[in-house]
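Taken from TrEMBL as is:
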type     : residues : note
DOMAIN   : 402-512  : domain 'TMC'
REGION   : 1-24     : region 'Disordered'
TRANSMEM : 96-118   : transmembrane segment
TRANSMEM : 178-197  : transmembrane segment
TRANSMEM : 276-296  : transmembrane segment
TRANSMEM : 321-341  : transmembrane segment
TRANSMEM : 353-376  : transmembrane segment
TRANSMEM : 459-482  : transmembrane segment
TRANSMEM : 516-540  : transmembrane segment
TRANSMEM : 573-596  : transmembrane segment
Amino acid sequence: MQTSADAAHEEQPEPGASRELPWPMAARRAHRERLARDRVAQGAGATGAQWTRLIRRSKEKVREGLRSLQPWAWTLKRIGGQFGAGTESYFSLLRFLLLLNVLASVLTACMVLLPTWLEGTPPGPPAPNASSPCGSYNPGSHGLVTFATELFNLLSGEGFLEWSPLFYGFYPPRPRLTITYLCAAFAIGLLYLLLILHRSVSGLKQTLLAESEALTRYSHRVFSAWNFGLSGEVHVRLRQRLILYELQVELEEARVRRKAAVRTLGQQARLWSVRLLVNLVVLALLGAAFYGVYWATKTTVELQNKPLIQRTPVLKLVVDYLPSIFISVANFVLPPVFKLIAPLEGYTRSRQIVFILLRTVSLRLVSLLVLLVSLWSKITCGGDAEDNKCKTCGYNYQELPCWETRLGQEMYKLLLFDLLTGLAVILLIQFPRKLLCGLCPGALGRFARTQEFQVPDEVLGLIYAQTVVWVGSFFCPLLPLLNTVKFLLLFYLKKITLFSTCSPASRTFRASTVNFFFPLVLLLGLAISAVPVLYSIFLIPPSKLCGPFRGQSSIWVAIPESICKLPQMAQNFLFFLGTQAFAVPLLLISSILMAYTVALANSYGRLISELKRQIQTEAQNKVFLAQRAVALSSADRTL
């Protein structure tokens, strides 16, 4: 019977109604069962495909919803259409940094401020006559204080601000607060790292795609860059301008590459000599700036204890801001010099932007590092533990009784001075220059000329300000909140300046390059800022008269002491994570995964190269066949 059913199945490949088939009863029953199974399978497949489509559409809607929730989306689109994608990348980075500071402020409020007041009102400052083996610490102002003194205290972080939640020294030595304070610093740092890495990876994809030959440079933009879903004349014009700027970048870089391809050996040698000379000049300028920052910091520490300086508030404010003034002057004078000599090296516009950014970021970040090294040298007595000033307490308690608050004050002054400098440049230079250009059509107006938005300088200003916050947030917990207000104000000021005083750039550059390079420089700033913070946590003894870690041998000691209070099983597990038995296998597994990833990437690269070679071969074959066809047709007409 089964054989007849199989034979009937072979005779009738197309499905149909079982009762209409000239088959035995058993064969028709088997046919009905097979059709039922097929319907169930098809239904399951259709349901799976339907769920897949539903999930994909849901993801797209979520992305569109999140994109619509992003602040200033229309403003950034308008900036990109009128001034190019390079200028848009600056405002996109500013929005990203604003998000980082908002998240850091929320974590600080939850992990530092709330535990401080949940356990009771924090105690007041030490008594003026209180003393200890590590000296005395008398923060704040005593007695009647004039308005001028209060203003100077606001600008320098002293007086009523010195013993406030703004600085490290205010927080009391409570067991839970010490853990949350330290964990907040590590959690915020990890959050910064993950978000910047995510942005770097997304920018790297765009950079590799744009700088590789995977896409034909012009046809991709001409045939694939238009968005047919645009509605409205304004959106259409903005998109047209954006494509125009991208084509200008490609044409300019193609011109530079053609010029480089026809250089002779003598021209190449001359060009490399010019590049060597330019880099030597850059190194000399950077060295002079770094020495100036070191001198300004050393002079500030020496002058602060002079009686004349202490009696004169204006002189004291100038001395307090001397390192900030010198750093700001160097950052104001040298970047235009770097921009002026960059075209001499013969690179493309995008490559010039990268080199200007590298030199400017070296100036800004290393200047900050020199300032910190000078301060740490003063705190640790130059590393000499046997010095009379550091022998008793492990740090220079005579000049810096609460060295953490002093570091927070320096970062606070740097942030505040950077904001005041930016406001002064906008109000006293950029707006008057625009008025002069509009009111004076003659030679004076041509001398003032319409200014362009300098993306490298502006971006490095953002990264410098953010690095200052990363360094100082451990010693000044509310610094991310202040930086949030600063960046919010800066966004609107720069937007007004851009649309009212600036013209579109005469030379544009590739936005994909800087979209990857900006987060990379941010990572460099984060790494540089981590060094002094970790050095303070692990190696320098905390102040004995202020802060949540007073009385400890080091700030990090609070973590092992808290672990020892946990159950034995939790202690064993946490201490196991720090042993070689855990670190060595983890290192081996990581190395194997890294080697596998590199091998896989190399294989994909070879496959891509082979496919490109095949495409080129096919194109050559088609050209050859077309030429042969033309030749044969010409021969036929001749015959």
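Note: Cβ is positioned from N, Cα and C throughout, glycine not excepted.
For the transmembrane segment (178-197), the list of distant contacts is 96, 99-100, 103-104, 107-108, 111-112, 115, 171, 470, 473-474, 477, 480, 519, 522-523, 526, 530, 533, 537, 548-549, 555-556, 558-559, 562: same-chain residues at least six beyond its ends, Cβ to Cβ under 8 Å. In this model, the domain 'TMC' (402-512) carries an average pLDDT of 79.
Contacts between the transmembrane segment (96-118) and the transmembrane segment (353-376): absent, as fewer than 3 C-beta pairs lie under 8 angstroms at sequence separation of six or more. Through the fold, the transmembrane segment (573-596) approaches residues 563, 566 of its own chain, all at least 6 residues removed from its boundaries and within a Cβ separation under 8 Å.
The transmembrane segment (516-540) makes contact with the transmembrane segment (353-376), as judged by at least three Cβ pairs under 8 Å among residues 6 or more apart in sequence.
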